[in-house]
Amino acid sequence: MDEKMLNNILDEFLQKCKQKFGDDLISIILFGSYARGTAVEYSDVDLLVIAKNLPKRRIDRHKVLRDIVLEFIYRYGINISPILVEPRDLSLKSINPLICGILTGYKIIYDRDNFWKNYLERIKPIIKRIKPIFIDEEKEWKIADLI
């Protein structure tokens with residue numbers, strides 16, 4: 001998918017999220033292969049969606065955007081893979097390995113009141129201290145001091 005089509009899809013996804021969440025939508029971050037410029041024909045579009053008042057359980061959160069995801073599959077043949085989190089899920093005490101992966105390449109699609117930018121500024125010293133490393137064989141991030 002070329003950059004123009006990706007931008008159109010991301011803009012449409014943003015508009016649908018604004019309709020769905022209203023004022024509860026905080027940020028949408030593109031990450032993964034499309035953000036890093038390494039996407040191939042069947043790559044999915046990885047998105048971190050930060051919103052308030054989400055269901056508590058992860059399985060229930062997945063259902064929140066299911067209709068929108070299916071619509072993009074049918075209309076464009078593209079799989080959007082949103083991960084929904086609440087602002088409180090982004091702790092300063094422990095960094096989720098997902099965040100380490102996102103930091104390898106991301107693009108801010110929407111960031112109300114600079115929530116994501118401010119979060120990144122606050123976690124910089126933590127990231128430097130914990131020194132996350134990617135374990136290729138396991139395809140996951142680990143904290144250097146713990147391995």
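These residue numbers are counts, starting from 1, taken along the chain as shown.
Using N, Cα and C of the backbone, Cβ positions are placed for all residues, glycine too.
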Of 32-46, 77-91, the range Swiss-Prot tags as motif 'GSX(10)DXD motif' is 32-46
Densest Cβ environment (other Cβ within 10 Å) across the binding-site residues Asp44, Asp46 belongs to Asp46
